[in-house]
Amino acid sequence: MTSDVQVQALPAQGWRRGIDLSWPTFALLTLVLSVLVLLPLFWLVYYSFRSDTGGGATFDNYIALVVDPTLLRAYGLAIGMALAVGALACVIATPMAWLVARTDLPGRRTIRMLVTASFVTPPFLGAIAYEILAAPNSGIVNIIYRSIFGLEASEYLVNIYTFSGLVFAIACFTFPYVFTLVANALDRVPSDLEDASSILGGKSMTTLRKVTIPLVLPAMLAGTLIAILQALTMFGSPAILALPAGFHVITTKIWSLFQFPPRLGLAAAAALPLLIITVILLRAQKSILGRKGYTVLGGKSGTPRITKLGPWKWVAIAFVLTVLSLTIILPYLAILKTAFTGTVGDPINLSTLTLSHWRFVLFEFSATQLALRNTFLLGFLTATAVTAIALIVSYLVTRRSVPGSGFLGVLATAPVAIPGIVLGVGLFLSYANPTFQLYGTIWILLIAFMTIELPAGYQQMSSAFSGVHPELEEAGRIMGASRLKTLWDITAPLLRTSVVAAWCFVFVGTIRELSATILLTTANTKLVSVIIYDLNESGDLGAICVLGIILLAASFAVVFVANRVPVLGGSQMNARG
Amino acid sequence: MWKKALSAALLATGLASSAAWAEAPAPYQITPELEAAAKAEGKVVFYTATDVAVAEKLAEHFKSKYPGIAVQVERAGSERVFQRIGQEYSTGIYNADVIETSDAVHFEYFKRQGWLEPMVPQEVADKWPADERDPDGNFAAYRAHLSVIAYRTDLMKEADAPKTWNDLLDPRFKDKMVKAHPGYSGTVMTSTFVLSQLLGWEYFEKLGKQNIMQVQSSTEPPKKLAQGERALEVDGNEYNVFRLIDEGKPIKIVYPDEGTPLAVGNAAVLKQAPNPNAAKLFYAFLFSLDAQQLNSDFGGLRSFHPDVKEKADRTPLSKIKVLHSDPEKLEPEIPTIKANYEKYFGT
């Protein structure tokens, strides 16, 4: 109404003001993002001071956090596990990234693509694949080991149901974070510094040690921190591998507090330190990456130096093949094998091949259809909503069209500090009450996924925006187009590839989410990830593998489409956060 | 007759006298009107703790008998079903029509909360032992099964297999056993309670040192045996073992000398059922002879229906020493059981 009045009163100026939606958009987005991010955190803090028994205000939950040995142990084990995962991921990923980025190793492009594949694999599916491979008795690896050496049935080579097994299984599916960051950094390290070292008489190893590694060290540390963070906040893999081994990590412990009657206050209090640790790690990562400036200072001065491997080539190939078999080839073969044979322990021959698991999943199991529909519906909705919001927010932030727009960027990045399970607890507390009644609908899941994926979408979009010079937009604005029209007609087409890439990235992230989902799902809002988890608890590995194959096929289809778009090469699958 | 032995089960719910029985609503039959009304709703949502393959088989049978009514089977462990319905009802979500778990405590709780719609199918009124149905008609025992010790006959000789609960503490079984979790499985909650009464918590403290593989559902230990992942299960559903034996897996059940815990699975219709007529029809179907016979033949479950014929190779309950649980005594012990279990087994 007011804009109508203004149009009449101030024809010249009012015209522009009436159409320019910057302010309303800014206000609306600020409101939406604040609700998305701040509301769950508010309830989390509120409940952590609320007694589970009486309902009054109390410090008991925080006291329990310090004195309850089961909680302390869960935190200790989770932190130990995360650090070990970080170290292992770094040790695997760094040499591999160097081989791929800076040597004449054959098949480098393929290797990058395969690492991306391991990134797309939901970690919980990877954990299940490792149950099939490396369970002490029925694990395929152990069966082969025993038959080769003719050993007793009680002998085994590897046991995945241990602390180290868990660390290994998680590292297999988190090392791409380190790999991607280090490989990208190596792509950008100016070769003139290395040339200088060679000219001054440094041998290639000396150059590597004294020049190249120090230059990529920030990327290594940052990648490792992300791997640590991922491991610390992961729910699926520990639930699948740690519980059989007889220990809790903090995420599974928080989940167990939801057993009826739920201890919401304690769950909220137990979740908060996880939030604080995450914030600290992210700040550390930021301050490390903040110094990254000097690695790219020289820009792309010439092509990166390629080291000739010579006789070491075979060692390098063996190393890369080992890593790829452990992270991609073996798990995928195990999943395929289990989907088509009776039970995990069966040998493969004509009599054990069966489609019974497929028949069960596709025709008998009544949850399948609903879960597939929900999963893909939510994937599409989340990806579209997040990409749209991220596009507008990054526009407002990078073009500084509205004073204070930087705050929007902060809001859009903030959820990265909220671990999935913490967000799950927060959203449950915010929306699972008779006032909102969002619990039990797919909307609560949409809110959760949007919150979780927003930072990734925003990060991708804002880096894409900084690559588009504003002069094109200014031309549009000068010709009298509104901001939104300029955005739509000029900026968006220029960013099309990035938009598609961000959309795919969010889509894949959504359909593999489990840690927040597990607390928010109900019978009518089942997702594939949740039924996989449910089936795992009742030991139906064959059905899980069939669902996993369907889920992976969909993920890969999306990534494949993304890869048709030139901008999204394997190396551009940026790590979240 | 093993059914007599079963009849002694669940004394707490059965303690009620015939006077209380009078409060239950009059028995009902499946009428064409009920069928038509159920068809109009077109769907029934079944929250169950029975193994997913068995529950889906039953649903399939229902669909073939009453075409046009879809059955949505929501399977999880008993304690998880309890958690789910608790979360849903406390936030005003009414998804479920018919509910079934293997922890008898839950139904006492539901009844106290007034969540159940009393109704008595004719079949239950005519055939069910009085001890196996709620005197007020809120619920009735839909199934029963034992929680059994079982082992792989190809991985363990019969002579080496355990004969008693205390045998499981022998070092020769270290690293060889698999066990389900009382925080997930109603069957294991019941059996942990019964065994802690019988053998004391020291027993579990020692058992916890045997390096046992911990799984969640009581349907899972038999599957781990079938995979060959472990040679011996401490607990697990007898019916899953029956099914795997039927499939030809080399597994054998041990009924220990001290006795074997029995878990009774009650079923009920919820007061807030979104499809009340389909719920009523499905509930009556659950207790019908052919559904109960299917549960026995395909599912390996024990039935309270006197006309159900069990397969000949299964040990009748009358020949087994059965340990009964009292849900009224179990309920206040639940926090202790969970805490002790986490102390001795780590999760």
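Including glycine, each Cβ sits where the backbone N, Cα and C put it.
Pulled from TrEMBL:
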DOMAIN    A:75-285  domain 'ABC transmembrane type-1'
DOMAIN    A:372-562  domain 'ABC transmembrane type-1'
TRANSMEM  A:26-49  transmembrane segment
TRANSMEM  A:75-101  transmembrane segment
TRANSMEM  A:113-136  transmembrane segment
TRANSMEM  A:156-179  transmembrane segment
TRANSMEM  A:215-243  transmembrane segment
TRANSMEM  A:263-282  transmembrane segment
TRANSMEM  A:314-335  transmembrane segment
TRANSMEM  A:376-397  transmembrane segment
TRANSMEM  A:409-432  transmembrane segment
TRANSMEM  A:438-456  transmembrane segment
TRANSMEM  A:541-562  transmembrane segment
Cβ pairs under 8 Å between the transmembrane segment (A:376-397) and the transmembrane segment (A:314-335), at least three: no
Tertiary contacts of the transmembrane segment (A:156-179) (same chain, 6+ residues out, Cβ under 8 Å): 77, 80-81, 84-85, 88-90, 92-94, 96-97, 115-116, 118-119, 121, 123, 126-127, 130-131, 133-137, 139, 141-142, 145-146, 220, 223-224, 226-227, 230-231, 234, 237-238, 241-242, 244-245, 247, 323, 326-327, 331, 573, 575
Residue numbers, six or more beyond the limits of the transmembrane segment (A:438-456), whose CB comes under 8 Å of its CB atoms: 33, 36-37, 40, 374, 377-378, 381-383, 385-386, 389-390, 412-416, 418, 420, 423-424, 427-428, 431-432, 502, 505-506, 509-510, 513, 516-517, 520-522, 524-525, 527, 574, 576-577
The transmembrane segment (A:409-432) versus listed stretches A:113-136, A:215-243, A:541-562: most Cβ pairs under 8 Å: A:215-243
Close approaches to the transmembrane segment (A:215-243) from elsewhere in its chain (Cβ under 8 angstroms; 6 or more beyond its ends): 77-79, 81-83, 85-87, 89-90, 93-94, 122-124, 126-128, 130-131, 160-161, 163, 165-167, 169-171, 173-175, 177-182, 184-186, 189, 193, 249-252, 255, 274, 277-278, 281-282, 284-285, 288-289, 291-292, 294-295, 419-422, 514-515, 518, 529, 533, 536, 575-577
